[in-house]
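The block underneath contains the structure these notes are about, expressed in structure tokens.
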Amino acid sequence: MGVVTRSQAKRGCRSHQSDGEEPPPRGGRGVGGADLISLLPDEILGSIISLLPTEQGARTQILSSRWRHLWRSAPLNLEDGVRRINEAVVSRILAEHQGVARRFSVSPFIIDNDSDKLDRWLRSPILDKLQELNFSFYAITWPSPPMPHSALRFSSLRVAEFGSCEFPDDAAHQVHFPNLQHLALGSVTISEDSLRAMLAGCPALEKFVFSYMDDREYLPEPLPPSALHLSSTLRYAEFACCQFPKPMACQVHLPNLQQLVLETVAISEGSLHAMLSGCPALNNLLLGFSSGFRQFRINSLKLKHVEMYFHRSDADRLQKLIIENAPCLERLDYRGPYGDVINISIISAPKLKILGRLTDNISRLKLGTTVFKGLHDARMATVMRTVTVLALRLDNLRLDVIFNFMKCFPCMEKLYIKTHIARKNTQRYYSQDRFECLDHHLKKLWIGYYSGERSHVAFAKFFVLNASVLESLVLNVHPCKGVSGRWVKNQRRQLQIEKKASIGAQIDFTCDDGFSYLCDI
């Protein structure tokens with residue numbers, strides 16, 4: 001595309017006005033008053049419109065007569081994520097649009113479990129070169145409505161997401177998606193042979209999601225064996241609400257898989273370790289509400305991020321976590337229910353930066369040769385200078401616990417602590433030691449639920465008066481407590497903010513209900 005000069009822009013503006021058209025919209029005017037956006041070629045304007053949501057793209061017709069024909073010929077992204085899209089609107093757009101469609105996404109509210117209606121839409125000629133297809137029927141319907149055969153006719157697809165439908169067995173062996181990169185099957189009824197044939201017809205697959213509906217009253221659905229017969233091109237795999245048969249995971253070999261998500265799955269300890277061994281390039285692992293393994297041992301040369309969380313009701317949840325050899329591990333986030341007694345041992349993780357959320361109910365925490373017993377009784381031996389972010393969930397705010405961690409992690413920059421709403425703590429802990437962390441590194445401290453009582457004030461005041469480079473102190477009050485201006489003023493007085501060690505430190509009181517320290521990071 002050539003450069004539009006100011007003189008060309010002025011001539012273009014005058015020529016439009018001389019043909020009886022209205023002046024360009026004020027919002028698009030550039031230097032000299034010209035509507036430089038409207039001077040762009042139709043192909044570029046059409047691409048811009050195609051990036052907008054369906055409703056906003058259609059409304060560009062009101063900008064000027066220059067834009068009126070663009071919407072009807074621009075690449076179409078049709079999705080019902082706005083309130084004005086209904087069955088009649090979808091039918092009209094498909095009948096009147098003059099361009100090709102890139103994306104077609106409809107929810108159960110539009111389809112209303114009408115497979116024939118969806119079939120008529122999918123046979124529309126403007127969808128012939130469709131790149132993204134997303135539809136789902138109501139999940140509570142049984143048996144699931146049949147997937148229309150027309151949903152499998154798009155060899156141009158790059159993204160396909162199907163939900164709560166029954167796959168047509170007579171069409172499975174005809175499936176060929178040479179360009180498909182993302183496939184998601186959510187509560188899809190599909191035979192073993194059909195799933196194997198479908199995956200075989202997706203040679204370029206990079207992302208695969210397979211899930212059933214979460215129903216805690218029953219055992220998870222068994223995962224079809226062919227669900228793990230995936231292309232070597234796969235980079236992301238997610239399995240949810242299913243049960244892994246024991247011998248199946250041992251056959252997994254995904255040499256390029258980088259991210260694995262196991263959400264509410266039942267998998268044995270042996271199968272879990274075998275599956276990870278078959279993914280040598282894995283760098284992100286998420287285990288959410290999963291069960292069947294009491295011990296988890298990590299030996300991975302590429303793994304960078306590990307995130308794990310469990311329900312209180314998971315009777316057979318993890319009891320021992322061992323990071324044996326993880327030379328690239330940077331983030332370890334373990335979130336068990338409060339009161340969870342677990343044994344965590346980090347033997348070798350030389351690049352670990354983020355560690356959380358540790359609770360004082362941990363039976364044993366071993367960091368190299370440093371051993372914490374319940375976080376209170378520590379035998380210091382190892383210093384881990386790589387850790388810069390620490391998250392704790394403590395029964396009560398205790399400085400002796402924090403002192404131990406500041407000795408173990410002298411370069412800690414961010415400390416997140418969540419405690420209970422109100423508990424008295426009459427113990428006092430003082431240290432004559434100087435902490436490198438306080439003098440040179442600690443920049444943020446987040447405390448929730450801060451009660452404003454004497455023990456909490458004393459804890460927070462210690463950091464106000466001693467953290468030399470502190471930039472932010474966030475005192476998160478439980479939403480049920482309520483915070484008044486008078487209360488905040490009194491708290492700031494008790495914290496002796498006028499004597500703070502860091503001149504630039506910002507002290508804020510919030511009422512957020514949560515502890516999502518990873519989002520902050």
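Note that Cβ sites are derived from N, Cα and C of the backbone, with glycine treated the same way.
Copied over from TrEMBL, here are the features:
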- 1-32: region 'Disordered' (REGION)
- 37-77: domain 'F-box' (DOMAIN)
- 118-210: domain 'F-box/LRR-repeat protein 15/At3g58940/PEG3-like LRR' (DOMAIN)
- 216-417: domain 'F-box/LRR-repeat protein 15/At3g58940/PEG3-like LRR' (DOMAIN)
- 435-475: domain 'FBD' (DOMAIN)
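DSSP assignment over the domain 'FBD' (435-475) gives 19 helix, 9 strand, 13 coil. Counting residue by residue with DSSP, the domain 'F-box/LRR-repeat protein 15/At3g58940/PEG3-like LRR' (118-210) contains 27 helix, 22 strand, 44 coil.
Across the residues of the domain 'F-box' (37-77), the predicted structure has a mean pLDDT of 69.
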